[in-house]
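Feature list (source: TrEMBL):
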type     : residues  : note
DOMAIN   : B:71-278  : domain 'ABC transmembrane type-1'
TRANSMEM : B:12-32   : transmembrane segment
TRANSMEM : B:75-96   : transmembrane segment
TRANSMEM : B:108-130 : transmembrane segment
TRANSMEM : B:158-180 : transmembrane segment
TRANSMEM : B:213-231 : transmembrane segment
TRANSMEM : B:261-279 : transmembrane segment
Amino acid sequence: MSKKHGALRGSLLGLTALAGMVMLGQTAQAEELRLLTWGGYVPDDVVAEFEAETGIDVEVTLSNNEEMISKLRATGGGGFDLAQPSQDRIASAQLEHNIYKPIDLSKIDASLFIPSMLEATKANTTLDGEVYGVPQIWGTDGLVLNTAEASTVKDYIDLCSDEVAGKVSYRLRRPTLIAFAFSMGMDPFAAYNDEAAYQEILDKVEAKLIECKPNVKTYWEGSDSLLNLIRSGEVVAAMAWDAGGWTLNNDNPDMNFVAPSSGALGWVDTFAIPRKAENEEAAYKWINFVMKPEIAARITAASSYYTASNGASSLLDEAQRKQFETSFPQEALDNINWYPPVPAGLEAIEGKTLDRVKAAQSN
Amino acid sequence: MTTSTGKAGAMRVGALLLAMPLLLWLFLLVILPHVDLLLVSLRERISYGKYEFSLINYIEFFVEPLYWNTYVRTAVMSLMATVLTLMIGFPVSYYIAKVMRGKGKNVLFLLCLIPFWVSELVRTFGWMILLRESGVISNFLQWAGIADGPIEMLYNDATIMVGLVYTSMLFMVVPLVSVLDSLDDSLIEAGYDLGGNAFTVTRDIVIPHAMPGIASGCIVVFMLTLGNYLTPNLLGGKDSLWFTEQIYTQFITRFNWESGSAFGFLLLVLSSLIVWIGLKLSRQTLSETVS
């Protein structure tokens with residue numbers, strides 16, 4: 001936005017101010033934390049306990065990485081007090097849109113975090129010496145399989161095999177491009193800073209995904225709809241998040257999360273403070289509250305998502321730990337490909353590839 | 001002299017004040033956002049937070065066959081949906097307006113309305129429950145022995161079409177019923193008396209009289225279909241390819257507001273153009289249709 005939008009900006013601001021004054025009368029008394037997060041990260045009982053302890057109301061908005069950035073971009077970083085983008089999407093979004101403010105590390109109890117994860121996240125979200133994110137929840141992208149019917153699927157590329165034709169689902173988003181690239185023996189992360197090399201990888205992945213399209217039942221959007229497709233037997237093999245696989249496993253032992261042979265894709269979702277956050281104090285209180293081992297363990301128990309809270313894993317019950325170890329034997333854990341920060345501009349070329357895959361005719 | 005001009009001036013101020021809500025609404029909620037959208041669509045990202053005037057977003061649209069194909073496909077499918085809705089909606093409306101009498105008429109009209117008491121999302125999910133592989137129709141066909149295995153009826157163009165026609169049926173039926181209601185029955189009888197048959201009476205009396213209703217119904221249905229996002233997206237699955245989806249993707253998942261805005265404008269141009277052509281072909285004017 002440059003100066004030429006000044007007049008428009010001004011009149012819009014006027015309108016917003018007017019609406020704001022109307023709102024002010026009603027909401028001045030109750031302290032509020034407006035949280036922009038993912039489905040499953042904030043169980044109701046945790047919210048209730050936080051409200052009882054601090055007297056702060058928590059207003060939860062569920063979202064995903066792209067929507068978080070778009071929403072904050074539209075308001076210049078306003079409207080929310082705390083957001084939870086993935087660690088690899090913070091630095092470029094901050095550089096491009098200036099939507100976050102640095103985290104005041106003195107207000108966070110560092111002892112609550114797994115040290116290696118805290119340091120890695122801080123390093124990946126640092127811009128001009130300021131830290132913009134601390135980790136909360138981590139997980140992986142991999143294969144969720146109905147092992148009774150899709151035992152042949154070992155890697156992402158096997159989703160394109162005839163054995164599972166018509167019973168496959170994955171998202172049409174950037175993780176799928178990365179996953180297929182790894183599965184086809186390439187290393188997209190190594191090419192992150194070389195646009196030409198990255199384009200070459202994308203072209204190969206695009207050809208593969210178009211060839212694979214007849215195999216796909218539908219591209220899934222929300223994890224709930226995917227889980228329903230697998231439960232009803234309409235889909236037997238999917239690329240999805242580990243927690244989804246474990247949720248299915250609780251009901252049906254045949255269904256589980258499997259780490260693919262080319263490596264699961266590891267992500268870390270963070271806490272980041274929007275630039276125009278109004279209640280920063282509440283945000284820090286929330287961070288220190290949910291990172292307490294006993295609260296973090298409850299979140300994991302409820303959602304199957306693992307947290308970066310130090311000591312939470314020892315509080316989990318035996319069944320859940322067993323589930324994790326079945327999906328992630330030590331070598332699979334070592335094989336996880338963690339997302340490095342995405343350089344700005346990469347998403348534009350990926351977008352073109354995804355558009356072309358979507359537009360390709362499958363039958 | 002001075003008093004009379006003063007009086008006229010006061011009148012003018014009064015009229016202006018009366019029109020203020022409308023003018024404010026038009027300016028703040030219609031014109032202003034569109035001007036902003038136009039400005040955004042005419043710039044190109046140079047580097048972080050730096051933009052320059054450029055036509056690149058429009059050029060991109062014409063150079064990349066993908067966007068162009070989606071655009072044409074959306075227009076053609078919307079036109080087909082409009083024609084189908086008219087073909088199904090016309091006999092229904094005629095039956096309600098001319099054949100039914102008394103209470104039955106109101107009941108039938110209400111039956112057309114009832115599905116619209118729930119939101120479009122719920123209606124679309126209803127179709128998904130019916131049509132999916134493990135859904136009602138598939139199970140029924142297997143139970144009746146017509147099909148050997150589960151049948152997938154979702155995620156293709158025909159399903160999109162069913163959803164679109166269903167979603168827009170009411171907007172065709174309402175104007176048609178009201179315009180057919182105003183047709184005097186004696187005109188139809190006179191047509192038959194003068195030796196006409198069902199076909200000639202419909203062609204020469206009913207349709208010419210119903211033309212404004214047909215035109216306004218078609219315009220509304222076409223606009224709604226062209227701008228629909230939910231139905232093609234949910235029912236079309238992996239092959240849906242609707243232009244509004246493309247706009248959403250540009251804005252939300254690609255962070256590319258510039259090309260999203262350009263696409264928005266192109267969609268506006270397309271719908272205006274097609275409506276204008278439609279009016280010209282049917283020799284209707286917009287004011288006649290609206291009233």
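The backbone N, Cα and C atoms fix where each Cβ goes, glycine too.
Just so you know, TrEMBL annotations never went through curation; they're auto-generated.
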Stretch of maximal Cβ-Cβ contact with the transmembrane segment (B:213-231) [cut-off: under 8 Å; candidates B:12-32, B:75-96, B:108-130, B:158-180, B:261-279]
B:158-180
Positions on the same chain near the transmembrane segment (B:261-279), where near means CB under 8 A and six or more residues out:
37-38, 40-41, 57-58, 60-61, 67, 71, 75, 79, 215, 218-219, 222-223, 226-227, 243-244, 246-247, 250, 285-286, 289
Any contact between the transmembrane segment (B:75-96) and the transmembrane segment (B:12-32)? By contact I mean 3+ C-beta pairs closer than 8 Å, pairs at least 6 apart along the chain.
no
Residues sitting near the transmembrane segment (B:158-180): Cβ under 8 Å, six or more positions beyond its termini, same chain?
77-78, 80-82, 84-86, 88-90, 92-94, 96-98, 109, 112-113, 115-116, 120, 123-124, 127, 131, 206, 209-210, 212-214, 216-218, 220-221, 224-225, 228, 231-232, 234-236, 240
